[in-house]
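First the structure, in the form of structure tokens, and then the observations on it.
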């Protein structure tokens, strides 16, 4: 696609040649110009050649103020406008040149610009006038070439319009491509191609054309409205809000833009509020806000999917594993490679001790986001936890969840310690079994009530396992002699043998 900016750049690169052509065409024409106007023209010419367009423009403004009938000043100002991409202003100045001095050069240049704007009839009038007025061979050749080009462009336009009306958008697009390669400043053609792109499911290309149209046509509220609608349908509420505001800057009473603005602003506010709650760790509040998002916009599926993705995250972070797995799965049914949902469901699986499922989710996430350090660390942790679960799982020993509070852990420990105290058993075999069980129960309590030891265990490292400690003796080794006489209900005092009596 040829952008307006690119075309202006190419035209700008041809300006020194046009200036030389002008000076040759009007050699000696500046004789008789008053000194101040001549000075302004010369300064403007030098600045234009140096590419200092804004400064050059101010000098040509001054020259025209000093002599409003100076066609050279208008021509040079038109040249600056052209370099700045202001084709409408350039055409006005070229029309003034034609009015002041019937001239082939200015007519040809104006015809070129009119053709780039898609004004075929007006461009053809200029080219035909050149041909009628005894032009030089080069001028005649150029005018005839442009006239032929204009006829061909009109033929292509007729075909494109016919294809569009027949809803054959696939056929219309290449025809419009060919026309817009020449008519780079035709806003209506860009809007027509944008409509074709929308129908063909290519919203990003439609946005590109509509943005160009918004720049080419002043007060183009319709283009801004359409851009905002497309962004909204894509789920980009922030860009949608930005574009609809541009529409309202041009016309604050624009009904469609104002209606869309209210909707997007409300949705945007809810999403921003929900994200702020997430940053603060207020997950229940964030879930409530995202529920509101789905109620605010029930008709655009992407918002429900994004809301559920964030609810999945909140539930996982809030250690509501069962609910998190349900919501994350709903998201993944729609988007099987959604990396965020895969990570959050993996974490929820870990809370439920479903290590293999967590590993599978992390591996899928990694396949779709290879350089994500969080995924790599999560996968390694899940693999360690699977290996750990095949050895000794302190949570399972006490029969508590991974997110159990300290009070729950102590309560479970006391119950099991009283149940499995070896003094409760008579036979030697039963005592040995109880001793082993009791040691595991006491070890589980030791690890899970110590924040640092629990953190290590949750990361997949057993702080009481010599192998996990990477060499050396196990500083946490325990046997029955260590625990003999230990009171699971006491908080101090000397050791004693705990006896149970049942009536």
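Backbone N, Cα and C define each Cβ position, glycine as well.
Looking at the stretches 355-373, 374-392, 393-411, the one that Swiss-Prot records under the feature region 'Flexible linker' is 374-392. For residue 328 (disulfide bond) paired with residue 257 (disulfide bond), the C-alpha to C-alpha distance reads 35 Å. Here the CA atom of residue 312 (disulfide bond) lies 36 Å from the CA atom of residue 247 (disulfide bond).
If you look at the repeat 'TPR 9' (339-372), the same-chain residues 6 or more away from its ends with a CB under 8 A from one of its CBs are 309, 312-313, 315-317, 319, 321-322, 324-325, 328-329, 331-332, 378-379, 381-383, 385-386, 389, 393, 395-396, 401-403. If one looks beyond the repeat 'TPR 3' (105-137) by at least 6 residues along the same chain, the residues whose Cβ comes under 8 Å of a Cβ in the stretch are 7, 18, 21-22, 25, 71, 75, 78, 82, 87-88, 90-91, 94-95, 97-98, 143-144, 146-147, 149-150, 153-154, 157, 179, 182-186, 188-189.
The C-beta environment of residue 257 (disulfide bond), restricted to residues of the same chain at least 6 apart in sequence and closer than 8 Å, consists of 221, 224, 225, 228, 244, 247, 248, 251.
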